[in-house]
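Trainee: Quick one: the structure is below, and I'll ask about it shortly.
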Amino acid sequence: MSAPCNVVVLISGSGSNLQALIDSLDEENPVRIRAVVSNRAEALGLQRAQAAGIETHVVQHRDFADRESFDAALMEIIDVHQPQLVVLAGFMRILTPGFVRHYQGRLLNIHPSLLPKYKGLDTHRRALEAGDHEHGCSVHFVTEELDGGPVAVQAVLRIGADEEIGALTERVHAAEHIIYPLAVRWFADGRLRLAEQGAMLDGDLLPPTGYLLRI
Ligand SMILES: Nc1nc2c(c(=O)[nH]1)N[C@@H](CN(C=O)c1ccc(C(=O)N[C@@H](CCC(=O)O)C(=O)O)cc1)CN2
Ligand SMILES: NCC(=O)N[C@@H]1O[C@H](COP(=O)([O-])[O-])[C@@H](O)[C@H]1O
């Protein structure tokens, strides 16, 4: 088994991706979730972490004068755990260049679209309004460019005729809960890495879409 991989998870909301990561842990998995940090005190994900016996912290962005000081407070808490990996799981704040540089290559995010399409927010509505036939989610390395980092893995879904945003959101969520634990495990096992050229899996450069799963 690989050496333990200390992970800190950042959240802002319900934490279903955090829960999927927690549920993926077993004696074969080297991932050790050392702490969960939320920028919102009301995040239900904090309760999920506490139920799993994971240390939790709240760092509210509204308590800080600017993004740099907020990020510095995050980093101070995160670095206590000396993480090999920081996981954004529904974390809804844009991180500063200083934060991204500090964790470069060991910072992952789950995004609810087939990047590079629909960076930012409100992705499901945008895909439906565009009349797309496919949609999905992406795990990517985080860079200074918002949702622009190299993709590690994507889940591709067919959009059903007249599919409602609620149904699509649920299907994408379910797909996220498959690909995020997979990508995090690959990283912990030393299989997934960020190189100069992009995301690498087992020493091979991944395509811009990352490792594709059709679900
Ligand atoms: N430097 C980076 N920071 C973050 C990235 C990234 O790729 N580079 N990914 C995001 C996650 N994300 C989409 O996947 C995302 C999160 C938040 C926002 C956003 O516009 N946030 C607003 C506040 C919104 C709110 O509080 O509800 C803001 O920060 O002003 C866009 C995309 C995480 N950070
Ligand atoms: N741009 C970032 C973004 O929209 N992230 C999305 O927030 C949700 C968090 O759900 P969760 O709190 O239940 O994991 C997830 O669907 C994730 O893709």
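Glycine is no exception: its Cβ is also placed from the backbone N, Cα and C atoms.
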Trainee: Hey, TrEMBL has (6R)-10-formyltetrahydrofolate bound by Met92, Arg93, Ile94, Leu95, Asn109. Any idea which of Arg48, Arg62, Arg67 it lists too?
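Mentor: Among Arg48, Arg62, Arg67, only Arg67 appears alongside Met92, Arg93, Ile94, Leu95, Asn109 as (6R)-10-formyltetrahydrofolate-binding in TrEMBL.
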Trainee: Measuring CB to CB from Gly15 (N(1)-(5-phospho-beta-D-ribosyl)glycinamide binding site), give everything in the same chain under 8 Å that is also at least six residues away in sequence.
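Mentor: Gly15 (N(1)-(5-phospho-beta-D-ribosyl)glycinamide binding site) has long-range Cβ partners Val36, Ala43, Leu44, Gly45, Leu46, Gln47, Arg48, Ala49, Ala89, Gly90.
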Trainee: Indicate the candidate from Ile94, Leu95 with the smallest number of other Cβ atoms within 10 Å of its Cβ, considering only these binding-site residues.
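Mentor: Comparing Cβ neighbours within 10 Å for the binding-site residues Ile94, Leu95, Ile94 has the fewest.
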Trainee: Say you check the Cα of His111 (active site, proton donor) against those of the recorded positions Ser16, Asn17, Arg67, Arg93, Asp147; which is nearest?
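Mentor: Going through Ser16, Asn17, Arg67, Arg93, Asp147 one by one, the Cα closest to that of His111 (active site, proton donor) is Asp147.
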Trainee: Would you list, in sequence order, the residues of this chain other than Gly15, Ser16, Asn17 that have their CB within 8 A of the centroid of the site's CB atoms, where the site is the one recorded for N(1)-(5-phospho-beta-D-ribosyl)glycinamide?
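Mentor: Not counting the recorded site residues, we get Ile11, Gly13, Ser14, Leu18, Gln19, Ala20, Gly45, Arg48, Ala89, Gly90, His177.
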Trainee: According to DSSP, folded down to helix, strand and coil, what is His111 (active site, proton donor)?
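Mentor: In three-state terms, His111 (active site, proton donor) counts as strand.
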Trainee: Tell me which of the binding-site residues Ser16, Arg93, Asn109 ends up closest to Asp147 (site 'Raises pKa of active site His') in space, Cα to Cα.
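Mentor: Checking each of Ser16, Arg93, Asn109 against Asp147 (site 'Raises pKa of active site His'), the shortest Cα distance is to Asn109.
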